[in-house]
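Undergrad: I am attaching a structure below and will ask some questions about it afterwards.
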Amino acid sequence: MSLSNKLTLDKLDVKGKRVVMRVDFNVPMKNNQITNNQRIKAAVPSIKFCLDNGAKSVVLMSHLGRPDGVPMPDKYSLEPVAAELKSLLGKDVLFLKDCVGPEVENACANPAAGTVILLENLRFHVEEEGKGKDASGNKIKAEPAKIDAFRASLSKLGDVYVNDAFGTAHRAHSSMVGVNLPQKAGGFLMKKELNYFAKALESPERPFLAILGGAKVADKIQLINNMLDKVNEMIIGGGMAFTFLKVLNNMEIGTSLYDEEGAKIVKDLMAKAEKNGVKITLPVDFVTADKFDENAKTGQATVASGIPAGWMGLDCGTESSKKYAEAVARAKQIVWNGPVGVFEWEAFARGTKSLMDEVVKATSRGCITIIGGGDTATCCAKWNTEDKVSHVSTGGGASLELLEGKVLPGVDALSNV
């Protein structure tokens with residue numbers, strides 16, 4: 001799925017116009033401090049383009065976290081983002097305490113030329129996602145008439161609409177598909193992301209290696225299935241590997257992750273790999289733990305020895321890392337989605353760290369390396385490799401759905417050209 005038939009910001013006339021722009025400022029926070037500003041930085045080129053080309057105003061809207069339609073300004077306010085954005089843009093940013101309603105509409109109706117406005121968290125309104133919880137935590141659905149009113153209010157905040165929220169492009173939420181303006185364009189981040197994935201999937205450099213980690217096979221079935229039609233090699237690591245190893249090798253896996261649902265189709269996936277000539281690499285050894293805890297007792301295990309009862313595998317071992325390194329060394333293009341161990345904890349980070357080192361090495365010899373957002377992007381931030389790979393996606397779920405071969409609603413909703 002590419003933007004080839006969609007309107008993009010570089011083709012949009014913004015002079016004298018109010019631009020309402022959906023961005024993805026869903027950044028990690030600790031004690032109201034932003035811990036990784038990658039997503040904010042990623043939106044700056046689109047914002048600057050509008051200002052440099054004479055836009056009257058740029059009104060930015062985003063979600064943060066999962067307040068589920070309940071206003072939680074103490075926990076999920078976008079106000080800290082306004083300060084960060086001010087320092088990145090080098091100009092004042094007006095923060096509004098809501099995202100819809102008469103006061104917001106007034107503030108956005110006729111601002112001074114060149115004004116940048118940031119709205120409060122869209123998800124403080126249940127109408128953004130269409131469902132959520134009430135103040136007591138009971139599940140609720142938004143009323144259709146109220147969804148329409150919410151969308152109509154957002155539509156009043158600009159003359160043209162730009163969507164640069166690649167990280168949310170897989171969600172058919174009000175701010176993504178419900179703004180009713182004559183011109184709806186994809187921003188530069190959206191364009192960059194979609195172009196990278198389109199090229200990677202439609203005309204890949206070969207050998208093409210997919211590294212798939214993470215926990216559940218069931219969550220990644222469509223991903224594995226779709227990628228088996230595209231790649232030459234695949235590493236299946238992380239917690240997901242135990243389901244494969246138990247089914248294929250009858251390995252004793254102790255209390256390691258096991259996915260009942262996913263187990264049923266392991267053999268089908270392996271048969272497809274064989275039919276397509278895809279070489280699959282699974283881990284052969286493990287770092288084990290006596291409980292799921294940062295300070296657990298640790299041990300070693302292999303596929304042959306099995307993992308003892310009451311213990312679990314939380315990282316791959318050195319032999320697995322060697323096998324992974326060989327696969328990486330053969331590749332001319334790599335897409336990596338999901339870590340191969342519990343990298344957040346030092347004792348179980350070595351497998352993912354050594355794989356990252358190999359991917360960085362591959363990049364420096366000209367291999368195209370694409371990191372598919374989410375946890376794997378967090379690994380890049382943690383080990384400072386964001387500029388040492390070809391592309392770090394800003395969207396975990398969105399990149400996953402592209403790799404699964406799905407149409408993204410947020411892209412679908414843009415104006416055709």
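Glycine too: its Cβ is placed from the backbone N, Cα and C atoms.
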Undergrad: Which one, G214, G262, G366, is listed by Swiss-Prot in the same ADP site as G238, F343?
TA: G214
Undergrad: Taking only the recorded positions S2, K6, K199, D219, K361, which one has a CA atom nearest to the CA atom of G238 (ADP binding site)?
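TA: Nearest candidate: D219.
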Undergrad: What same-chain residues, at least 6 away in sequence, bring their CB to under 8 Å of the CB of E344 (AMP binding site)?
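TA: Once residues fewer than 6 apart are set aside, E344 (AMP binding site) is near nothing.
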Undergrad: In DSSP terms, helix, strand or coil for K6 (N6-succinyllysine)?
TA: strand
Undergrad: Ranking the recorded positions K191, K220 by other Cβ atoms within 10 Å, which is at the bottom?
TA: K191
Undergrad: Measuring Cα to Cα, how many angstrom lie between K97 (N6-(2-hydroxyisobutyryl)lysine) and V340 (CDP binding site)?
TA: 41
Undergrad: Which recorded positions are spatial neighbours of K220 (AMP binding site) here, meaning Cα within 10 Å, out of K191, G214, K361?
TA: G214
